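Feature annotations, courtesy of Swiss-Prot:
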type	residues	note
BINDING	Asp331, Asp335	Mg(2+) 1 binding site
BINDING	Asp331, Asp335	Mg(2+) 2 binding site
MOTIF	331-335	motif 'DDXXD motif'
BINDING	Asp475, Glu483	Mg(2+) 3 binding site
Amino acid sequence: MAEISESSIPRRTGNHHGNVWDDDLIHSLNSPYGAPAYYELLQKLIQEIKHLLLTEMEMDDGDHDLIKRLQIVDTLECLGIDRHFEHEIQTAALDYVYRWWNEKGIGEGSRDSFSKDLNATALGFRALRLHRYNVSSGVLKNFKDENGKFFCNFTGEEGRGDKQVRSMLSLLRASEISFPGEKVMEEAKAFTREYLNQVLAGHGDVTDVDQSLLREVKYALEFPWHCSVPRWEARSFLEIYGHNHSWLKSNINQKMLKLAKLDFNILQCKHHKEIQFITRWWRDSGISQLNFYRKRHVEYYSWVVMCIFEPEFSESRIAFAKTAILCTVLDDLYDTHATLHEIKIMTEGVRRWDLSLTDDLPDYIKIAFQFFFNTVNELIVEIVKRQGRDMTTIVKDCWKRYIESYLQEAEWIATGHIPTFNEYIKNGMASSGMCILNLNPLLLLDKLLPDNILEQIHSPSKILDLLELTGRIADDLKDFEDEKERGEMASSLQCYMKENPESTVENALNHIKGILNRSLEEFNWEFMKQDSVPMCCKKFTFNIGRGLQFIYKYRDGLYISDKEVKDQIFKILVHQVPMEE
């Protein structure tokens, strides 16, 4: 089929680059790790490690025992294999550590005592909070001196080098899972980031730090908690631990690393099949022949697989990728390829859910809307089958909210109107697309979601508001210059500066970054608080939010697929992890 171009009517342009992925490359992906023998080896390793975990954790009570348990939990999580050991992690590690926990942190010798080991306390606090145990950040105040600096409580040469850096790294990672109003966490984060940056620069008060530990420090500084997605973290730590020869002297560490590599490769084989399916679906849909829409199906699938990689969530990943593609087609159409008159007709078509309203529009719009209606209706059929009840209204209403927000933006652009900051944010949260990107996959998870659960995770709900808000701000912070060039004058930055004409761009950026940071703390709370929402649902929403921060860290990774983005995708989707014989 020949590619279809736009009509001669003058229209704005998005200046999007084309598809950077060769379909032949995607369809050539082939891994031997789908063979049953590898799955059998995986199960054998899991059982061996479970036995070793019980052996490793059957030690005399004391600080070393507590740290050992916490280090094992941290390693399993960093390598992305903790799901195989959920029972052991809770009963043999976290429940045990919590029995020693008090208002000052981990007990030493008895529960009522106080351990002066910052590394143990920070590791324990982070692990317990992430697993929703009730722990207070106030324990970290015990490690501040009279000058407000955090200390490790080592003496002499013992305090130089690895132990001190390890303690500060643990404190940094603990400080990142803060809740609103926890001042000590803000202080700890600022202090440790400055300290560890000095270490990386070769300055400060420590010398001769282990290179593998420095790699961990570099990763933590480059990819904080909200910018670190599970698959990228696992892939990175496979390399970090793989080069740590002293760490590999332990038998259990060797087996954990081997399991993590095998697990990654087996899962990657499944992910190959999914991205190949999405690529065929995209090619066969006909929409791929419209040469002015962004072709980002590989990037969208990579986004979701970096966040939600487990084998049981295949349908949700595919639904997410399809939904993201629909959002992009609509985004490009409303932003740059349709007139305001056409946009109003398209919006009315979605309001009434009547495709015939677009009959008199250009062919490229009709093709796009046929693709949109067909895909949404197909997803609704899958959702109804999974949930066992009619979900048509909730899905369509979510799409209508999304489309209405685009119409509002188009009207602002057409009239040159710059809304108030609050008006922009409210509409921008809807136009982020996170509502529908979150809803479709959630409804295809292996969970029945009754109305009382949906009310807590769908619009209007606090966790969805925060997903939309943090996504919108992260997008704006990276895109405002590009969008200004395309004529999209309304962004959170410009709206804020219009209301505050005395503000500089730097001040406006700092204000908006402050909103983002506070919102991420609230996001932490909504994710980790105890409620009736299935954890897989909250985890999906939270990790998609982390994925957005990852994507927008250095660039708009969905708008610009540069070499670094391609390299990341190759490491996750294309290249296998080398296995030692």
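Any Cβ shown, glycine's included, is placed from N, Cα and C.
Taking the Cβ of Asp331 (Mg(2+) 1 binding site) as centre and 10 Å as the limit, one finds 20 other Cβ atoms among all the protein chains shown.
Distance between Cα atoms for Asp335 (Mg(2+) 1 binding site) and Asp475 (Mg(2+) 3 binding site): 15 Å, as a whole number. Packing around Asp335 (Mg(2+) 1 binding site) is summarised by its Cβ count: 21 other Cβ atoms lie within 10 angstroms of its Cβ, all protein chains included. Distance from the CA of Asp331 (Mg(2+) 1 binding site) to the CA of Asp475 (Mg(2+) 3 binding site) is 14 Å. Other Cβ atoms within 10 Å of the Cβ of Asp475 (Mg(2+) 3 binding site) number 23 in total over all chains. DSSP states for the motif 'DDXXD motif' (331-335), grouped as helix (H, G, I), strand (E, B) and coil, give 5 helix, 0 strand, 0 coil.
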